[in-house]
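Record features, source TrEMBL:
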{"type": "DOMAIN", "residues": "287-343", "note": "domain 'RING-type'"}
């Protein structure tokens, strides 16, 4: 359910653009919807997948707006470049660079020879793409580069450089992120990840199932993937409080020489549910209000604290349910009410705030 509306204005190259960002009750950007004029929609049409990735990876609305402005600058630049005739030298130089690079590394070239996608494989066999948007002044000016990275990718460029130089920088960046992707790939392969359902390479968070309606959300630093990540536990207090205590008491035992997943196992003194031994349905229960597991891509993240009940809910569903009860009361961003199933008093902290 979309509830919060943020009106934003972007000023790019002397032009003002207005957009509306519709956010769900929990203010999760990954579930947001963007509305804009048909002109802006046309400009951003070729960048929709990039914007979806940014919605998944940006930690807050301010960060996303910075990313959106950058993408819009690139889109406007390339839209204007479409009307600038390319000199013959542009095409001969580009074709020469592609031949030197090798056509086996080219995944896509558009008919106008303005967009090129190159593919690469890192040392662990993972496949990656880099999208190059070339302007009419190439190679005097570098192409704009779009990648699915958790960190910015800045290209070092001089007029005498070519696509092979960008490709080599791309390969170097892939290797610099190897340990980060190794850590997340191990989590994805050996545990049940509840969110994100289909993580991109730019995603830095994983919500890992621990038990029935208990999970931990970890935020991994791409620059320092072997360090202790930020951990946020989700579940009933009687389940997660012992986990918090173990994490705090064992934090000094973190060993950067072993994997992130193994560290989490040892600090929390648990074995995460294995994909080989259990089905996701063994611990992923539907919301007790909407009777679905996923709502706008999100899994239930609120649980009744009564051990005899333990019914999970989506925050948005529970928030709307409690707001509709005459017995509920609200103080600032905290709403007090009762569990729809067992009537146990519960407190829900809403992330709603002014944008």
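The backbone N, Cα and C atoms fix where each Cβ goes, glycine too.
No curator has checked TrEMBL annotations; they are predicted automatically.
Note that the structure is a prediction, hence the values are computed from the model and not measured.
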For the domain 'RING-type' (287-343), provide the mean pLDDT of the predicted model. 84
Take the domain 'RING-type' (287-343) and count its residues per DSSP category (helix H/G/I, strand E/B, coil), listing them in that order. 9 helix, 14 strand, 34 coil
